[in-house]
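Novice: Just dropping this structure here.
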Amino acid sequence: MSECGAYSSNFIRQIINKDLASGAHVTIHTRFPPEPNGYLHIGHAKSICLNFGIAKDYQGQCNLRFDDTNPAKEDIEFVESIKEDVNWLGFQWDGAVCYSSDYFDCLHGYAIELIEKGLAYVEELSPEEIRKFRGTLTEAGKYSPYRDRSVEENISLFEKMRNGDFAESKACLRAKIDMTSSFMVMRDPVLYRVRFAKHHKTGDKWCIYPMYDFTHCISDALEGITHSLCTLEFQDNRRLYDWILNNIMIERHPRQYEFSRLNLEYTVMSKRKLSILVSENLVNGWDDPRMPTIAGLRRRGYTPAAIREFCKRIGVTKQDNTIEMSALESCLRDDLNENAPRAMAVLDPVKVVIENYAKDKIEILTVPNHPNRPDMGTREIPFSREIWIEREDFREEANKKYKRLVLGKKVRLRNAYMVKAEHCEKDEDGNITTIFCSYDSETLGKDPIDDHKPKGVIHWVSADAGVEAEIRLYDYLFTEANPNIANNFASLINHKSLIVMRGYVEPSLKIADKERAFQFERIGYFCLDRKDSNEDTLVFNRTVGLRDTWAKMKANH
Ligand code: ATP
Ligand code: MG
């Protein structure tokens with residue numbers, strides 16, 4: 001069974017199973033309908049896995065449809081990024097990409113049909129007045145003085161709207177439903193409004209644009225969607241979805257089902273908010289590796305498999321909840337631990353000189369790419385008299401618990417020899433500048449004969465052959481688990497969410513694939529940055545640490 005397997009059932013799959021069993025449907029057709037007003041985020045991944053996953057498992061179809069009815073906010077850059085992200089996640093839409101704007105003519109026709117049936121009217125109250133007249137949850141709405149216009153008058157006014165004879169906000173088309181309904185969406189919702197904006201597909205053809213509720217159900221019906229899956233905030237809108245389809249001459253009537261949105265701790269999950277972070281330069285673009293966007297996660301080193309696994313583990317329900325970031329990270333670690341090649345890098349380097357090792361000698365050691373996976377092959381790493389080790393891996397004195405390099409003691413260099421620290425040099429401030437060691441030439445790949453096996457193993461990089469690299473360490477983007485509670489969510493941004501280090505990496509990493517994560521032994525998972533890394537400068541992003549240090553910190557409190 002595929003990853004989003006039919007056996008991993010949820011309430012939507014149960015509905016589908018029933019519909020297939022009863023013969024209500026023979027095939028299943030879903031759609032993923034993003035509005036191209038930003039990059040996709042991990043919440044969208046949940047919807048993508050659900051819609052495309054269902055189509056795949058039931059041998060049905062899934063459309064990619066751009067819900068492009070708001071020309072002011074939409075952009076072709078977003079259309080391209082969305083297509084790329086869906087493909088990168090491992091899904092392919094059926095047929096050509098669909099656009100709601102493809103149906104503008106048809107939607108216009110259905111609007112006229114509603115007017116002719118006396119079910120829609122041209123409103124001339126201001127948006128402010130419309131809001132006031134709508135009433136509240138406890139108070140019924142009031143009727144607009146324009147509500148009872150004749151069909152002929154409405155037809156001619158709607159035509160005027162279409163011809164650009166009304167300024168924006170001076171007129172709109174409303175459905176004539178029920179101003180006393182307990183569902184606010186049913187209190188004569190707006191179907192069309194005037195917008196003098198160039199549309200990325202239809203250019204200047206239209207100056208009236210259909211609203212989401214009017215567009216969505218009709219687009220679903222035109223495309224033959226069987227199950228229209230959306231998030232819970234559209235629950236009430238289902239009444240309107242059905243009302244529109246019940247009142248026009250259209251062959252099919254898809255059904256809408258709602259599931260809960262994905263919320264993740266320490267981040268925000270709305271394109272509007274993410275776009276503020278971008279426009280205010282609080283991050284470096286939509287694909288900043290700290291962003292919860294698909295493009296950001298990808299640049300950070302996330303794999304499509306880890307994201308799909310995460311969506312599978314969180315499931316699809318109607319319960320609103322917020323998922324811990326560690327749930328996402330643990331899917332990634334499970335994948336990378338199994339599949340990421342190993343490499344060595346030193347982030348905070350201090351020099352080690354091996355005094356009894358020949359000057360100018362470089363030895364090439366062949367080492368496995370993965371400790372448990374011979375199928376991943378081997379690579380060559382150079383060893384030399386001078387190497388870098390991590391500053392925190394050396395102490396002049398230490399107790400037995402410290403299993404790294406200590407003066408007078410031995411430690412194994414990962415994949416290489418055992419060394420013993422003899423003495424060290426310091427600068428005027430007392431910082432260690434160089435550690436002098438001796439090595440035992442008989443210990444390459446074996447333990448010493450006459451000695452105890454050393455407990456510690458530390459990583460290293462040849463100082464002669466290693467390559468300098470910029471290494472970017474990331475932390476959560478926000479300081480609060482739920483940044484949405486603040487009036488100004490941007491004030492909760494974590495100013496320490498990016499720390500830049502300069503270290504050294506083994507030379508094999510010069511030709512690493514961009515975005516492919518490696519395990520830097522003993523440190524964490526890192527990948528070459530897609531944008532900022534080039535032949536002259538290597539830039540690595542920390543994808544995720546080796547362990548969930550965050551959970552541990554919480555547990556200790
Ligand atoms: P945003 O508030 O981020 O703009 P949206 O719902 O307006 O989200 P759309 O582009 O309209 O974004 O969404 C496309 C599809 O993705 C919709 O079906 C929507 O319900 C779904 N979706 C969006 N955000 C989430 C989320 N956090 N969890 C699950 N599904 C989501
Ligand atoms: Mg939206």
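Numbering starts at 1 and runs along the chain as displayed.
Keep in mind that glycine also has a Cβ here, set from the backbone N, Cα and C atoms.
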Novice: Labelled motif ''KMSKS' region' by TrEMBL, one stretch among 268-272, 358-362, 503-507. Can you tell me which?
Specialist: 268-272
Novice: If I go by TrEMBL, the feature motif ''HIGH' region' sits on one of 34-44, 375-385, 419-429. Which?
Specialist: 34-44
Novice: Pick from 197-204, 317-324, 445-452: which range does TrEMBL record as region 'Interaction with tRNA'?
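Specialist: From TrEMBL, the annotated region 'Interaction with tRNA' range turns out to be 317-324.
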Novice: Cβ under 8 Å, sequence separation of at least 6 from the ends of the region 'Interaction with tRNA' (317-324): give me the contacting residues as numbers and ranges.
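Specialist: For the region 'Interaction with tRNA' (317-324), the far contacts come to 10-11, 232, 258-265, 481-482.
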Novice: Can you work out which residues elsewhere in the same chain, 6+ from the ends of the motif ''HIGH' region' (34-44), have a Cβ less than 8 Å from its Cβ atoms?
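Specialist: Residues 66-68, 70, 73-76, 78-79, 81-82, 85-86, 200, 261-264, 269, 271-272, 274-275, 286-287, 291-297, 307, 310, 328 contact the motif ''HIGH' region' (34-44) from elsewhere in the chain.
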Novice: Could you check what DSSP calls Asn37 (ATP binding site) once collapsed to helix, strand or coil?
Specialist: coil
Novice: Express the predicted model's confidence over the domain 'Glutamyl/glutaminyl-tRNA synthetase class Ib catalytic' (28-337) as a mean pLDDT, rounded to an integer.
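Specialist: When the pLDDT values over the domain 'Glutamyl/glutaminyl-tRNA synthetase class Ib catalytic' (28-337) are averaged, the result is 97.
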Novice: With DSSP as the yardstick, break the domain 'Glutamyl/glutaminyl-tRNA synthetase class Ib anti-codon binding' (340-440) down into helix, strand and coil residue counts.
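Specialist: Going by DSSP assignments, the domain 'Glutamyl/glutaminyl-tRNA synthetase class Ib anti-codon binding' (340-440) contains 6 helix, 56 strand, 39 coil.
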